[in-house]
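Some features that Swiss-Prot has for this protein:
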| type | residues | note |
| --- | --- | --- |
| ACT_SITE | 390 | active site, proton acceptor |
| BINDING | 277, 278, 279, 280, 281, 282, 283, 284, 285, 299 | ATP binding site |
| COMPBIAS | 1-22 | compositional bias 'Basic and acidic residues' |
| DOMAIN | 152-249 | domain 'SH2' |
| DOMAIN | 271-524 | domain 'Protein kinase' |
| LIPID | 2 | N-myristoyl glycine |
| LIPID | 3 | S-palmitoyl cysteine |
| MOD_RES | 420 | phosphotyrosine |
| MOD_RES | 531 | phosphotyrosine |
| REGION | 1-60 | region 'Disordered' |
């Protein structure tokens, strides 16, 4: 959200079609049945039509087992079992430093009795070690002695996010994790970092199925009483897998849901503005500190930018949008000047990262992966029937390991500035806006798709302003006449074809974000398998 500072021939017409996603089975390694018989338990032949759900798996709203890519449901569901009586023991998955006098500090491995879990995001707990009572973030703990408490269990994580984590620099061959299967209810996936001369570093995925009697197996000849025993076995022998399990994949400590219990509308005095990061037409962005304890990003809005009542109403919706590719909204100061408090992303905006940071050295695979992450977040916004309205590189934030998160979703609708609401002048992002939205104010998820196509040009051209050499009015006129930006220099034509799909005149002919995400995640296997890095891309 902010103002825009700004001062090529038609491609061939192609028809958009929804192509089927790749066969999920093709994502998994071959069934490793060729090795010798290995120890395990015997059980009846598996019934593939009867996969019972684990009590903490599936679509359970609370995802306490972390990992860099746990997706949090907007409506957390309490764990089953009599937690209010404090009979279920939970264990800490990460260290946590108290932010308020009501919080408990704790270390990874510390055990708790849960006193009250009705609040969802923050539970009242008693430390078994110290006897102290206070609030703890519910996504930092898991039931003791459960699969969720295992370091190698990453819960609800997609194939692509598993690959991103495992392929991070520093991980060796054999680094692994276990996650819920995306395609088979009640099953799991074992993801292992591998290496071969043809593909170099890559990740193999093996489906772990569940037996009717409660056992687990990758291949029917080696069955195990528990996932723990399965992992132990394959840590000792590859036994048909691509490589022996060597090291648990390092996880990233997840963001808490909110700053603390009941810390939503916060007093301005609880925030300290430390370092100014940027300034726009409608306000400033700062690194700040909340309550003297917690580093945050703070967006300060100029008085009159938006009505406080309307903002607070929209913010209530925004804080319920929870996805690992969306910047979480932590808290607000709802009186003017409005402050918006969010997660601090260390690499700043994608636009600055591409132009002035290490982003200018990125090759096509990294750029396409960043685009896939953004499409992942937008596919969630699409599923939630929400609209961003201002999707561009300036509103994407970058963290460590090229993690991308979408910021400022929904805020553009609330801006009261006359020049902005008239959709003309320097403050309105004409070059990113679909013609039906710019001309008639028809903002939909399909106008966001148009904007995503423009964002793709920013990625490939390393932050170059769209429609170079053209002013806003000229862009609007030319686009209405059918002009579309040509293929950026050294950009594969297949990626330009995706851009042109996003720029279809009829919004209904533009692809869904679900399709775009799938296309980009499988880009180098399905669309450009022969890609070789060049001097630029």
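One-based numbering along the chain as shown.
Here the Cβ of each residue, glycine as well, is placed from N, Cα and C on the backbone.
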Can you tell me whether DSSP puts residue 281 (ATP binding site) in helix, strand or coil? coil
Give the mean pLDDT for the domain 'SH2' (152-249) on the 0 to 100 scale. 94
What DSSP reports for the domain 'SH2' (152-249) is 18 helix, 33 strand, 47 coil
Taking the Cα atoms as reference points, how far is the residue listed as 'active site, proton acceptor' from residue 277 (ATP binding site) in Å? 20
Site extent for ATP (largest Cα pair distance over 277, 278, 279, 280, 281, 282, 283, 284, 285, 299, Å): 14
Between residue 281 (ATP binding site) and residue 531 (phosphotyrosine), how many Å separate their Cα atoms? 41
Three-state secondary structure of the residue listed as 'active site, proton acceptor' from DSSP? coil
